[in-house]
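Have a look at the structure below before the remarks.
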Amino acid sequence: MVAGTRCLLVLLLPQVLLGGAAGLIPELGRKKFAGASRPLSRPSEDVLSEFELRLLSMFGLKQRPTPSKDVVVPPYMLDLYRRHSGQPGALAPDHRLERAASRANTVLSFHHEEAIEELSEMSGKTSRRFFFNLSSVPTDEFLTSAELQIFREQMQEALGNSSFQHRINIYEIIKPATASSKFPVTRLLDTRLVTQNTSQWESFDVTPAVMRWTAQGHTNHGFVVEVAHLEEKPGVSKRHVRISRSLHQDEHSWSQVRPLLVTFGHDGKGHPLHKREKRQAKHKQRKRLKSSCKRHPLYVDFSDVGWNDWIVAPPGYHAFYCHGECPFPLADHLNSTNHAIVQTLVNSVNSKIPKACCVPTELSAISMLYLDENEKVVLKNYQDMVVEGCGCR
C-alpha cells in the first residue's frame with residue numbers, strides 16, 4: 001500500500017469508528033454511515049492508541065507533543081513555511097535561503113539559553129556569548145547547513161546616511177575562558193558590514209561549527225557575537241543590533257527579535273523542501289461514467305483529531321482519495337497499466353480473477369510546521385500526502 005494512502009487510512013479509521021468524522025469523510029461516505037442498519041462498534045483504547053502511534057511514527061515522533069501555551073513560534077519559521085507552501089504574505093525571495101532549503105527536507109529552530117555572558121564592551125565593540133542546546137538534533141540526519149539569525153532595527157539617524165555602519169562578527173568558541181585566561185579562544189565563522197537604515201534579519205553561516213558539534217562529536221561551547229561600532233557610540237548600536245534583551249522588554253516583543261539558530265537537514269526520506277505549485281490537468285475531462293475511477297475531494301482537518309495544539313500550520317489539507325470502477329474495456333482516461341488492461345480482460349471471461357483496482361497513481365508532498373516533543377519548532381516536508389492522480393492498476 002502506498003505510504004500516503006496508508007497514512008490517511010490510519011487517520012480516518014478511528015474517526016469513522018468513533019462517529020466523529022464530519023470533517024474527514026466526504027458527503028457520500030457520511031450518508032452511507034448514517035444509513036447503516038446497525039451502530040458502529042466503539043474501538044478499544046488500545047486500538048486507538050496504536051493508530052495514533054503509527055501516525056506519529058510517520059511524522060518521526062515517539063509520542064504526541066504537548067506544548068505549553070507559552071511557546072512562541074518564531075516569525076522566521078512562519079515565513080519559511082509560507083515560502084515553501086506557496087502562500088501569500090511571504091517575504092521577497094531570499095536566494096541564500098532558497099539554496100539552503102533546496103537540499104533539506106527538515107528545518108529546526110533553536111533559541112539560545114538566556115543566561116548569556118557579556119564578555120566585553122570596550123574599544124568600540126560589544127561582545128556576547130550565545131549557547132544553543134543542540135542535543136535534540138537527530139543523529140541520523142544529514143546536516144546540510146546552519147544559520148544564525150540576528151535582527152537589526154532601523155535607526156532614524158541612519159535614514160539617508162550610509163555612515164551609520166556596524167560590523168557583526170560571528171565566532172565559534174574553541175576553548176572557553178578560564179581563570180587564567182580572561183577571553184575564550186575563538187574561530188571566525190562569518191562577518192557582515194551592515195547599515196541601520198532598515199529593519200531586517202541578518203543571516204550568518206555557522207555550518208562548520210554546528211557540523212563539528214553534531215556530527216563530529218566536538219564539544220559545543222557556543223558562539224561569540226561581536227558588534228563593532230563604526231563612528232558610533234556603543235550604546236546606540238547595542239540597542240539596535242538585537243543581541244540582548246532590553247531591561248523592560250516583555251516576553252512577546254523579545255520573542256519576535258531574539259537571535260535564532262536554524263539548522264537545515266535531510267533524513268534521507270523523500271525530497272527536499274520546495275515551493276508547492278498548483279498542478280494543471282494533463283488533459284481535458286472526457287465523458288465518463290459517474291462510477292468510474294477518479295479522484296474525489298477529501299479534506300483532513302487536524303482539529304478533528306485534536307492535533308491543532310501542536311501542528312502550527314497548515315490547519316488541514318486537501319488529501320483527496322481514489323474511488324470508482326475499472327470496467328472492461330479500460331478507457332484511456334483511466335490511466336491504466338498494461339498489466340491492469342490484461343487483468344481486466346481476463347476478468348471479463350473468468351470472474352475468479354479480480355478486476356483492476358482504482359488507486360493513486362501520482363502523489364505529492366506537503367510542508368508542515370509543528371512543535372515536537374521538546375517544544376522545538378520544526379518545518380518538515382512529508383512525502384505522498386496528496387493524491388494528484390488516480391488510475392486502474
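Using N, Cα and C of the backbone, Cβ positions are placed for all residues, glycine too.
Features reported for this protein in Swiss-Prot:
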- Cys293-Cys358: disulfide bond (DISULFID)
- Cys322-Cys390: disulfide bond (DISULFID)
- Cys326-Cys392: disulfide bond (DISULFID)
- Asn133: N-linked glycosylation site (CARBOHYD)
- Asn161: N-linked glycosylation site (CARBOHYD)
- Asn197: N-linked glycosylation site (CARBOHYD)
- Asn335: N-linked glycosylation site (CARBOHYD)
- Ser85: phosphoserine (MOD_RES)
- 268-290: region 'Disordered' (REGION)
Subset of recorded positions (Ser85, Asn133, Cys390, Cys392) lying within 10 A of Cys358 (disulfide bond), CA to CA, in sequence order: Cys390, Cys392
Pairwise Cα distance for Cys322 (disulfide bond)/the residue listed as 'phosphoserine' [Å, integer]: 24
When distances run from the Cα of Ser85 (phosphoserine) to each of the disulfide-bonded residues Cys293, Cys390, Cys392, the nearest one: Cys390
Top Cα neighbour of Cys326 (disulfide bond) in the set of recorded positions Cys293, Asn335, Cys390: Cys293
Whole-number Å value for how far Cys293 (disulfide bond) lies from Cys392 (disulfide bond) (Cα to Cα): 7
Candidate recorded positions Cys293, Asn335, Cys390, pick with smallest Cα gap to Asn133 (N-linked glycosylation site): Cys390
Rounded to the nearest Å - Cα separation of Asn335 (N-linked glycosylation site) and Cys390 (disulfide bond): 7
Listed recorded positions (Ser85, Asn133), ranked by Cβ neighbours within 10 Å, top entry: Ser85
Integer Cα-Cα distance in angstrom, Cys293 (disulfide bond) to Cys390 (disulfide bond): 7
Cβ neighbours of Asn335 (N-linked glycosylation site) where a neighbour is any other Cβ within 10 Å: 19
Neighbour count (Cβ, 10 Å) for Cys326 (disulfide bond): 24
